[in-house]
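**Q** This is the structure, below, for whatever I ask next.
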Amino acid sequence: MDENSVHNPLLWGQGSGHANVRRKTPLSVTLAKWILKIAMLALFISWVALMFLFPADFVQKLFEKWIQATNGTVFGITGSLFLLFSGPILLIAVLSIAYLVVSGEEELHEKKASKYPSFRLWTFPVLVDGPFGVVSAAELIGILLFVVFVIWAVYAYIMSILSLMSDQLTFKEKSCLFLEILGLRFGLIGMFCLAFLFLPVARGSVLLRFIDIPFEHATRYHVWLGHLTMLLFTIHGLLYIVAWTIEGRLLHEILEWRDIGVANLPGVISLSAGLLMWVTSLPPHQLYVIFIVFLALHVGDFIFTMAAGGIFIFILDRFLRFCQSRRVVDIISAKCLPCGTVELVLAKPENLRYNALSFVFLQVRELSWLQWHPFSVSSSPLDGKYHISVLIKVLGKWTEKLRGNILENSEKELPFSPHSKITASVEGPYGHETPYHLMYENLILVAGGIGISPFLAVLSDILHCVREGRPCLLRNILIVWAVKRSDELSLLSTIDMDSICPSFSSKLNLETCIYVTRESEPPLEEGKVQNTLDFSLCPTSKRCGMSVLVGTGHTIWSGLYVISSTVGFVISMGLLDIFYINPFHISSWWYKGLLFIVCMITSVVIFGGLVVGLWHLWERRILAKEQFEDDKLNIDKAEHKETVAREDSHLAKLTGIRYGARPDFKEIFETVSKNWGHVDAGVIVCGPPTLQSSVAKEIRSHNFREQSDHPIFHFNSHSFDL
């Protein structure tokens, strides 16, 4: 790297670290956490092993014994299967709540820099150019396990089916019987995959919080599982269609809706809805409701229980998100930057928790009542108690309308009239349970365009931690930012590092390297922030902030919500069996499947809704005690304006800018390797897939040819587009 891009700061090796305040975790807490971890791990391994080994003969025999031993209960075979296939994941969710309550914020204080840098499966990129995008070693192991499971299950079932074939049957009869039984088995394998499918898209679920996987990453796993599940269900349907066609009864079978046994027509409707989602990716994907409901009608209640646990957790999360998104959130201020980016500052309560690498789903009702868009949070939780900021790049019709609305209102001389107010609804924030960007001593942030947004929050978070003496291991930070044009540099005006931590340069080695790819030289005039609009929609003391129901919300209330809904579901099913299904001898599979779905939903709405109502009242009581001080908010606004005034000196002081060039990651990582030594270096990338692939490829290359005195790079990505 030449003198125009990287200067002496990158050559700083072992800078002076700053003090980190750590509390010693009590022995009882550590012991409780280990017990909970071991219990959850044992449950999860047993649950996965049951499904993986289910095609084996010895497991089939054990399964039959289990059914015979438990079939005499009030819940019958439905309860037996629910306890076996859905009970473990719900129990893990309950134990996860206990773990999060016990842990509190102790988890952060236990993280320490490793004296011996080493590879980590979750951060070692293995595949970088394939259809799955950048895949870590741990993710590759998960993919291979699912592939092995499907191959093993198909093989085992084929061998089992062939052993059942009688020599007395004709070739046509054997073929049709083989196809139908194999189709049934493919459907069973698909149900096992369906048991995992909805777990990753429960955005604020305690399971994702416990394993510390943010929704943006979990979405990829949902997509992968969705492809596999729909492939299995499609083969399941095609095998039956071929068999029925050979037998000459295709139309009759497709339209059949039998009471005892599998109902074919609901299965056709469910598969059709699934194929529409799979092939066309129709927004807003509400077809999943049809897919799930008609699947329950198709297979009945006791088969549906095999995948009910994950679906129930998704329903829990979906209802909570619905309750949160009903609240109208005030937009404290809005400003339009020269690069066409909009900065919105949203009101929030003091007790709302989130981390710097978080994002929110935003709806602006003046633009659309149906559209929700995800945006990275650009402010640190330490920036202010009562606000949260997002940067929105104008790229489509919705964002263009938002920018036009702001510009139109900014030109008015009079205060806003009621019809011109801008209000929003918010889901989230979602993100990591712990701020993992603070767990590295050495950090490289790679951004493309608006991908700098979450890194502004990260940088602000780090500076606040340095100033306040909070736990933070960081000593060296390198920011690599590629932009198309120099007007995008105005995004840096949203943060003023000197005002956050005036003495940060003596405690933190920080360098920012900027690449302006479509300009060969600096413009004559740097862009200034323009069309700034600050407005209030209600008195400061009565500001309407976002709800704390979702995201990294209150763990105890979240736990009560999950537990009450689960207990309510069991009670509902018990009452239904005792007072309706058993006395009236209800035997229709499809009808019992419908009742099962109804009980799932009503238990969440009634039992869970009661907790949500109490949670809401508790939240209102807390908010009533908070005083939204005028001077605090005025200081926040003044700081934004002061930052704009310092933009030129800020850029000149902290950045090395290259025009007409792209980042050479090989050169960057080689330079870092020489100067940082043998350390763990975290790399976080936020940008388009091509940027992520380029960085991941270079990290993989460096790690494979690792030298004893070079860093081990750990790849992390922050989703550029959900």
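Cβ coordinates are placed from backbone N, Cα and C, and glycine is handled just like the others.
A TrEMBL annotation is a machine prediction, not a hand-curated record.
From TrEMBL, here are the annotated features:
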- 34-54: transmembrane segment (TRANSMEM)
- 74-102: transmembrane segment (TRANSMEM)
- 140-165: transmembrane segment (TRANSMEM)
- 177-201: transmembrane segment (TRANSMEM)
- 221-242: transmembrane segment (TRANSMEM)
- 262-281: transmembrane segment (TRANSMEM)
- 287-316: transmembrane segment (TRANSMEM)
- 324-436: domain 'FAD-binding FR-type' (DOMAIN)
- 560-581: transmembrane segment (TRANSMEM)
- 593-618: transmembrane segment (TRANSMEM)
**Q** Give residue numbers and ranges for long-range contacts of the transmembrane segment (221-242): same chain, 6 or more residues beyond its ends, CB-CB under 8 A.
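**A** The answer is 132, 139, 142-143, 146, 150, 179-180, 182-184, 186-187, 189-190, 193-194, 196-198, 200-201, 250, 253, 267-268, 271, 274-275, 277-278.
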**Q** Per the definition of 3+ C-beta pairs under 8 A with sequence separation of 6 or more, do the transmembrane segment (74-102) and the transmembrane segment (140-165) touch?
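**A** Not in contact, no.
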**Q** Could you give me the DSSP helix, strand and coil counts for the domain 'FAD-binding FR-type' (324-436)?
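**A** Reading the DSSP string over the domain 'FAD-binding FR-type' (324-436) gives 20 helix, 43 strand, 50 coil.
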**Q** Before we move on, state whether the transmembrane segment (593-618) and the transmembrane segment (287-316) share at least 3 Cβ pairs under 8 Å, counting only pairs 6 or more apart in sequence.
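**A** Counting Cβ pairs under 8 Å (6 or more apart in sequence), the transmembrane segment (593-618) reaches the transmembrane segment (287-316), since there are 3 or more.
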